[in-house]
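Structure record follows, encoded as structure tokens.
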Amino acid sequence: MESQQLSNYPNISHGSACASVTSKEVHTNQDPLDVSASKIQEYDKASTKANSQQTTTPASSAVPENLHHASPQPASVPPPQNGPYPQQCMMTQNQANPSGWSFYGHPSMIPYTPYQMSPMYFPPGPQSQFPQYPSSVGTPLSTPSPESGNTFTDSSSADSDMTSTKKYVRPPPMLTSPNDFPNWVKTYIKFLQNSNLGGIIPTVNGKPVRQITDDELTFLYNTFQIFAPSQFLPTWVKDILSVDYTDIMKILSKSIEKMQSDTQEANDIVTLANLQYNGSTPADAFETKVTNIIDRLNNNGIHINNKVACQLIMRGLSGEYKFLRYTRHRHLNMTVAELFLDIHAIYEEQQGSRNSKPNYRRNPSDEKNDSRSYTNTTKPKVIARNPQKTNNSKSKTARAHNVSTSNNSPSTDNDSISKSTTEPIQLNNKHDLHLGQKLTESTVNHTNHSDDELPGHLLLDSGASRTLIRSAHHIHSASSNPDINVVDAQKRNIPINAIGDLQFHFQDNTKTSIKVLHTPNIAYDLLSLNELAAVDITACFTKNVLERSDGTVLAPIVKYGDFYWVSKKYLLPSNISVPTINNVHTSESTRKYPYPFIHRMLAHANAQTIRYSLKNNTITYFNESDVDWSSAIDYQCPDCLIGKSTKHRHIKGSRLKYQNSYEPFQYLHTDIFGPVHNLPKSAPSYFISFTDETTKFRWVYPLHDRREDSILDVFTTILAFIKNQFQASVLVIQMDRGSEYTNRTLHKFLEKNGITPCYTTTADSRAHGVAERLNRTLLDDCRTQLQCSGLPNHLWFSAIEFSTIVRNSLASPKSKKSARQHAGLAGLDISTLLPFGQPVIVNDHNPNSKIHPRGIPGYALHPSRNSYGYIIYLPSLKKTVDTTNYVILQGKESRLDQFNYDALTFDEDLNRLTASYQSFIASNEIQQSDDLNIESDHDFQSDIELHPEQPRNVLSKAVSPTDSTPPSTHTEDSKRVSKTNIRAPREVDPNISESNILPSKKRSSTPQISNIESTGSGGMHKLNVPLLAPMSQSNTHESSHASKSKDFRHSDSYSENETNHTNVPISSTGGTNNKTVPQISDQETEKRIIHRSPSIDASPPENNSSHNIVPIKTPTTVSEQNTEESIIADLPLPDLPPESPTEFPDPFKELPPINSHQTNSSLGGIGDSNAYTTINSKKRSLEDNETEIKVSRDTWNTKNMRSLEPPRSKKRIHLIAAVKAVKSIKPIRTTLRYDEAITYNKDIKEKEKYIEAYHKEVNQLLKMNTWDTDKYYDRKEIDPKRVINSMFIFNRKRDGTHKARFVARGDIQHPDTYDSGMQSNTVHHYALMTSLSLALDNNYYITQLDISSAYLYADIKEELYIRPPPHLGMNDKLIRLKKSLYGLKQSGANWYETIKSYLIKQCGMEEVRGWSCVFKNSQVTICLFVDDMILFSKDLNANKKIITTLKKQYDTKIINLGESDNEIQYDILGLEIKYQRGKYMKLGMENSLTEKIPKLNVPLNPKGRKLSAPGQPGLYIDQDELEIDEDEYKEKVHEMQKLIGLASYVGYKFRFDLLYYINTLAQHILFPSRQVLDMTYELIQFMWDTRDKQLIWHKNKPTEPDNKLVAISDASYGNQPYYKSQIGNIYLLNGKVIGGKSTKASLTCTSTTEAEIHAISESVPLLNNLSHLVQELNKKPITKGLLTDSKSTISIIISNNEEKFRNRFFGTKAMRLRDEVSGNHLHVCYIETKKNIADVMTKPLPIKTFKLLTNKWIH
């Protein structure tokens, strides 16, 4: 057909592809891609095959036949006349032109016509002069069919001059995709080469061999347009053509570059994988070749680690280097550099360098001795390597040598052994190991083989031709001086002392003997398999036995490490008593002790120490001469190498070459410090430092995180700074291998800027010493500055920056210059510098009013980077400013002449001083103050974790509570205090006495309050005494905050929870003469304790009566009074003995000693040990002052610094970060897998029960039509994300039944296979407890049901497939689910919707709004928990009717119908309930705890004295840093999870009295210290001792017309870390405890009143929800009550005054609480602290108090 088509073109007078080429042209036009014939595409190969059938090249051709060209044929057919190209487009070939040009037209005749629309390719039209495809031809260069015989003859006269001609050139294929362009370019280049245009193709360097002509360029342009349509070109090609649409050469050049890069990577990988080295080339050249390849691959993103590189190198070693292949078995961490050290050592020995270098080789492994033999084809060879190295050796490379070779002696000739070096000796006994031993200094006695990998065994060696043994004990028929030459792998001689027989007695009672050689110079005893084979014994490594050819097993083989061993117990000992080898006898007394023996004897000390000790006779019994020191020089103790392993030593002055090689700012060191925890969000948590290698100039930058973009911004900033300010370019940056430095983003940035990253080696921080030392220095300075200034820790980076400025200006002792001078900068002008933390007054340029003060006190931090100002911290505004408008606050001394820091008083609490607020002292006095505060996000309780501050004993002796201070003393001391302001230090000076910490005598008038009523004992005691009483020495450890100056802001309401008795001197109302109140007795003082709440005032201003200073809600009607009395009447409160109104409990009787760890987590709180009174400090004390010494704020205010916020001091608390927010407890697996329950279960009876349960579950699954049984799917056909794994789980229930369940692995389910919005609801525990309580009060019947395989009743909407369990033998198949299988994410929600719909539609139930899974109708209440149902009804028939309806649809089992009138026992959701209708209900978990607690492996004391309380008051948890390894830490955390998990389960079920202890310990799950574990054990022990306790409910009195729902709240102020308070609530329904909660307050409270408000506000939402539930389930009216023991809180709730709140957070909370109380008709009542049962939720109590508060509701 092709011949016919071509015959239609008569106008073509030339052959279509008949150009020839000379041999010279063939060789010069070389392919730059070097594409071999094997790499040609399939269509090229097909073309080759087709062309090979045509006429071959004439024999006269000087060039071998080119399979890509066709030979010219005689012109037997006229040329075609009607071709697509006119005759004038053809060129006459008068030279070696490209083959087949006639198809593409004469290039000179085609003009360079630009594209009409854009410089892109468009298909040419029929009138275009550009070539087109012939419409009837498949390709533009179709080859004529061989059968047609139609050929074309080249008419060019130049063809006769050619030595060879080409066949028809096959064109490239059409480009069909941009992704195929790289492969297409290869074929296009091949096409150009075959067309005699190889010379114009760009070479590797991007330049062609010759210049392209215009004709060739036209041809190139036309052919590229034909075969590469524009729509299939890559973007980068289109970009080139958009600039110059004829620039095909640039496209080819760039394509070749891309292919060269890809080819180079492929070639490097192939070269690296096929490395070969045998020593024929220099080792340096081989190393350079390999390292260059690895570097190129690493730079191209192909990372080759040391392990892979070493394996590839060792795989190619041969000859003398072959043994290095096996080093990887003993040295897993070998680097490429270490491997090349071994290769260099062997190469040097081959080159004859033994005379100039020590005759030993580097040991491939410094950790183990190894002995292994390899087969040699020429002579027997035994490899024996026993690397030894002295401890004090300075050699960098230790090389393998056999033990008998001296360190400096030349190697022995391989062919013979010098007999002169061997002197025979007599064998004294059969245990003598010196049989024929050479008496040379290099001899080492191996009497002790404790270094063997497997002592008492022989190493099986397939490569050893002889058996060698070190001990003569098993040698039979021994003879000395054998004429045997044995060499090791390095062809060094191994001296042989004797030869004999080795006799075996195997376990089948057969005896065998082989020849054995004796030498003490090997590491292991070698048993040659070749010699065993000679006596018909082979080693079977599949069975690991020695056996005969007939299969008889002789002995087992032990695999230890990488080798196989046979026990020596099969060897027969020698029966030669005293054989005489020669007539030479060595006396026992002349034998020297071997050094290895002495080395081990003397605790592995080094040789130098041992020799020195022997010389000085510090070791007796033998002398230095009694030890053989010959091997001490090169001895390497394996135990020392392992036990004393250290990092490589850094050579002193090793960085001098960098300092000399680089100019300033060309070599930088950088490192990151952080994070610093417990800081506000606005403060940085990290900083990154930079140090210049040459000048030592330093920079620091703050960081809030370590993200890639944050690090990149800093690098961009510093590089631009160095470039612009110092006109330098950074060349190298040294850093560690942290992810912030090794990420791809930073790597590309450095590469783009031409910077070389220099990383440290793994775990080698010393190599990064410059940056590490800088960070350490800056942190030391930071701690010092913060300690000295007393500034808050969130300013820590300002201290770092201040230190950096100073350090850059200090001269180095070595260079005698500062970093600034090295950098060419001027010295630091100290007149512009202020001490860090210098008090200043800053001008307020924008005051609130014209009469507002213009000055704001602040603290100077450091000079500004961006201006000539100074960075100053303003505590009152809680921000820093950059300003020059400041005045230094100076004392008598200059700021530069030892500024007197002690002239300033620094208080601890920033929030209270700066917050201006309205407060009142009495109902008729309210004082206003200006407020300079602006709210910010600073958390001023944050702390920098730098180093622990050790507590100090402040007072040398305890202060007697009966001592007092005379008034005169106060006056004198007050005068002294007024002269010098005292700064409250972090650690109080032990020299401070009681007198000089008293407040100043000079005070402004303080109003005197009379008729103050105390509520210390729960009653009202009128105190007609002044507010401020004199201070006695007994209270010197308390704060003197009660006395205030003009602004008496801190006098607030008073409650009973106070122990800080404040007795200080006061001023009269109208004058300046101070008078003190006469002293009163301790008893009177205790009566007159006045309790203050510093932040929320509890006194109502609208009532001036002295009887209502602490208001309680006064009933206005008799009904209200009766309501409040009725709320408290039926509660299970303790019965207290009546007390006399004049008696007051001594608050100091059970007060624990002052503890320095008062801010740590406590199971006792801060002073919470009083049995009757909650002893909570109302004011925060200095954290580091264990005696709570406080300085009056008037001392601070004496210098008009009332608005200045004194910095606070805090002590670091060592906590793991995760401890601070433990949100959940990891569940503990209680089920068994299939293999555990059935396959490997050794308990036959249990196994049978599990098998029975398994078959029952399978039948149930098939019965429920869980999956599609008609079709099984191939795993390859299904989308993997729709495939869910499955498994069987087994467990034994509490009733003893064995359960099997087929579940899906929902934990690895893909998110696309379920709706995350669906919810799986279960009944809330409070709903269950409420239903049970109402059932008791209303004589309900309780029926318990269970629905079998509940989830399987719910259909599944999604298309999901599961893998059958592995034991079913269907590994490659899948089954499609139809039902909601257990374990799927959506199964619970599907079942909930299914059962909910059925209960509503079929059973006539409705779900209670707001309480999921609680359904009701007029007669029945249902609580649903997955497949468990609990029915409550007054009529049992109503329950039965529901059961009948359920059985119509579901397999419903009746667990307990509840029809008996006697006591009925239930097991409902883990609770063991005893219920007698109309009388009582008891809830417990005795059986469950009896079963579970012993399985926790807790050291119980079952027969010892039982614990009476779960914890001790006053006990604090020490939170020092844990020093345990990772495995032990994980083990202890896992143990804590189990223990606290069980305790939480029990506590929230019914043991509400344990919730405080559980909550406190749960916060320390990730801090499992010994103390925490002991406390946890104590809690579990108490649970064990009281496992029989039950929550007791009694039926409500029938006379009660209403339901009463009560919440009792309590709070323990500031007894948790970071001043957090513990809050607790107990909920009661009709006098029955139904729930409880104990938790740490989310907000930081500043007083007990705020804590109580927080506690009550937390209880109200749940109280309202429970109220709604009770009203839905029982239509009786409901009375709701809130009980608290804080009268100040009640006063705030019932008051309408909005000026009481100084804090907007608690003000908002209190205002909302007011609205909720009034809107929900809540009755707020007062309860005495001694009767507040919620007290157990907030603090540990003494045994007596704990029992008193709990014995009425749980016993």
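Keep in mind that glycine also has a Cβ here, set from the backbone N, Cα and C atoms.
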*If Swiss-Prot is the reference, give me the range from 177-234, 583-640, 757-814 marked as region 'Integrase-type zinc finger-like'.*
583-640
*Stated Swiss-Prot location of region 'Disordered', expressed as one of 1092-1111, 1192-1211*: 1092-1111
*Asp1346, Asp1355, Asp1372, Asp1467: which one does Swiss-Prot list with Asp1427, Asp1428 for the Mg(2+) 2 site?*
Asp1346
*Tell me whether Glu1652 (Mg(2+) 3 binding site) sits in a helix, a strand or coil according to DSSP.*
helix
_When you rank Asp671, Asp736, Asp1346, Asp1427, Asp1428 by Cα distance to Asp1610 (Mg(2+) 3 binding site), which of the binding-site residues ends up on top as the closest?_
Asp1428
*Taking each of the binding-site residues Asp736, Glu1652 in turn and counting other Cβ atoms within 10 Å of its Cβ, which one has the fewest?*
Asp736
*Considering only the binding-site residues Asp671, Asp736, Glu1652, Asp1685, which residue has the minimal Cα-Cα separation from Asp1427 (Mg(2+) 2 binding site)?*
Glu1652
*Within 10 Å of the Cβ of Asp1346 (Mg(2+) 2 binding site), how many other Cβ atoms can be counted across all chains shown?*
14
*asked:* Given the binding-site residues Asp671, Asp736, Asp1346, Asp1428, find the one whose Cα is closest in space to the Cα of Glu1652 (Mg(2+) 3 binding site).
replied: Asp1428
*Cβ atoms near Asp1610 (Mg(2+) 3 binding site) (within 10 Å, other residues, all chains)*: 30
*Mapped DSSP class for Asp671 (Mg(2+) 1 binding site), helix or strand or coil*: strand
*Rounded distance in angstrom between the Cα atoms of Asp1685 (Mg(2+) 3 binding site) and Asp1428 (Mg(2+) 2 binding site)*: 41
_Neighbour count first, Cβ atoms within 10 Å, every protein chain included; then name which of Asp671, Asp1427, Asp1685 tops the list of binding-site residues._
Asp1685
*How many neighbouring Cβ atoms, not counting its own, are there within 10 Å of the Cβ of Asp1428 (Mg(2+) 2 binding site)?*
17
*Taking the center of the Cβ atoms of Asp1346, Asp1427, Asp1428 at the recorded Mg(2+) 2 site, which other residues in this chain have a Cβ no more than 8 Å from that point?*
Leu1345, Ile1347, Ala1350, Phe1425, Val1426, Met1429, Lys1453, Ile1455
*Reported as an integer number of Å, what is the Cα distance between Asp1428 (Mg(2+) 2 binding site) and Asp736 (Mg(2+) 1 binding site)?*
59
